[in-house]
Amino acid sequence: MAGAVVLALLLLLAAMAAASVAAAGGCAGEAFSANRAYAACSDLPRLGASLHWTYDRGAGGELSVAFVAAPAAPGGWVAWGLNPAGDGMAGAQALVAVPSSSGAWEVRTYNISGYALGEPGPIAFPASDLAAELGADGRVRVFGTLSLAAYGGAGVLNQVWQVGPAVTGGVPSPHAMGGANLAAKAKLDLLTQTTTAASSSSSAIAKKRNIHGLLNAVSWGILLPMGAILARYLKTFRSADPAWFYLHVSCQLIGYGVGVAGWATGINLGNMSNGITYTLHRNIGIIVFALGTLQIFALFLRPKKENKYRVYWNMYHHSVGYTVIILGITNIFKGMTILGVEQRWKTAYVAVLCLLGVAAIILEVVTWGMVVKRRNAESKTFNSASNGHLPRHV
C-alpha cells in the first residue's frame, strides 16, 4: 500500500514537472554544447525561432545570447540582431550564421544601414565569443556576447531575426518576403526577461503585397488569356458573330482595369518600401502596363474589315496581345517567388493555366476541323458552279 502511494506521488511530481516545462515554452528544454546555460529564454513568435540570454548589468552590460532557428532550406542561413534605431531591418546590428566551404558554420557581424545586407564589419555592440553549429534537428545555434555598455544598459531593446534559403559565393541570398518573415521582430525586455511582439506596419504591408499579387494574377494571368481564347476560337462559329467580339472586349477591359489596380498597388508598395527594389519584376510590370494601355487605345484606331490596313493592325494587335500575356504570366511567377507564397497557391495557379491550355487545345482542334470542312464544302460548291458553266464543244 505504501509503495503504491509513493509511486502515485512520484507520478504526480513527474506530471507537474512536465507541465512546468510545457508552460515555460519549448525553449526551456533546449540543451547547448560546451555546457552553455542561460538565465532566460523565449520562443519567438515567428519562423519557429527561440532566443536564450543572460544579461549581466554589473559586467559592463554584457548580453550573452543563443539564437536557435532552422534555415529556410538546407544550406541556408540564420540571423539575429538588435536594432537601437528602429524596429525593422534598417539599422540592425546583426549576427549572421552561414555554412563555410569546409562544412562548419561561422558567424559574421553586419551593421545593416538599409534594406540590403551589405558587407560584414564591426557592429555598434562589440561582439565576442561568436560561434555557430548545426544540430541534428536541422536547426542552427548561434552564440555570442554583446556589450551594451555604450547604450547605458537599456532595459528594452528591439530585436529582429531572419532565415534565408541559400548562401551563394559566400553571400547570403535574400530571404522570402512572406508575412512571417516581415513580422520577425519583437521587443526584448532584459529586466523582466520577456519578449513581446513589436507593433508595426509590417502586417499592413504584407496585406497589400497579397492584394497586389491577387489582382495581378486574376487580371494579367487569367482574364487576359481568357479574352484571347474567346477572340481566337469563338469567331470561327458564325452564330457567335458579333457576340465573340463583345465578350473579348469585355474580358480584356475588365482584366485591364483589375490589372491597373494591381499595378497601382505595386507602385504604392514600392513607395512604402524604401531601399527594397526588385528591378526585373518592376521593369516587367511597367512594360506589361504600357503595352496593355497601348492595346486599349488601339481599339479606337481599329480599321474596318475591308480596309487595306486591317491586316497590319491585326498583326500588331495579336503580337502585342500575346506579348502582354506571356510577360504577365512570367511576372506573376516572379512575384510569387518574391512573396514566398505557399506551394499550394503556386499549384492552384498552375492548375488554372493548365485548364486554360487544355481548353485552348480542344478548341484549336475543333475549330480547325470546322475550317477544313467549310473550305472543302466551299471548294465543292465552286467546282460545281464552274462545271455547270463550261462551254460546250462540238
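Placed from the backbone N, Cα and C atoms, the Cβ positions cover glycine too.
Listed in sequence order, G227, A228, L230, A231, L234 are the same-chain residues at least 6 apart in sequence whose CB falls under 8 Å from the CB of H248 (heme b binding site). Look at TrEMBL and you will find H212, H248, H281, H317 tagged as heme b binding site.
The domain 'DOMON' annotation in TrEMBL covers 47-164. Across the domain 'DOMON' (47-164), the DSSP tally of helix, strand and coil residues reads 6 helix, 61 strand, 51 coil.
If you look up TrEMBL, you'll see 179-372 marked as domain 'Cytochrome b561'.
Under the heading signal peptide, TrEMBL lists 1-23.
According to TrEMBL, the transmembrane segment annotation covers 211-231 (among others).
Here TrEMBL flags 243-264 (among others) as transmembrane segment.
The transmembrane segment annotation in TrEMBL covers 284-301 (among others).
The annotation transmembrane segment is assigned in TrEMBL to 322-341 (among others).
The transmembrane segment annotation in TrEMBL covers 347-371 (among others). Residues 217, 221-222, 225-226, 229, 232-233, 236-237, 329, 332, 336 of the same chain, all 6+ positions outside the transmembrane segment (347-371), place their C-beta atoms under 8 angstroms from a C-beta of that stretch.
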H212 (heme b binding site): tally of other CB atoms within 10 A of its CB:
22
Which residues of the chain, 6 or more past the ends of the transmembrane segment (243-264), have a CB below 8 A from one of its CBs?
211-216, 218-220, 222-224, 226-228, 230-231, 234-235, 237, 285, 288-289, 292-293, 295-296, 299, 328
My understanding is the cutoff is Cβ-Cβ under 8 Å with a sequence separation of 6 or more in the same chain; which residues meet that for H317 (heme b binding site)?
Q295, A298, R302
Grab the pLDDT values for the domain 'Cytochrome b561' (179-372) and give me their mean, rounded.
86
Would you mind pulling the longest C-alpha to C-alpha span across H212, H248, H281, H317, which the record has binding heme b, in angstrom?
28
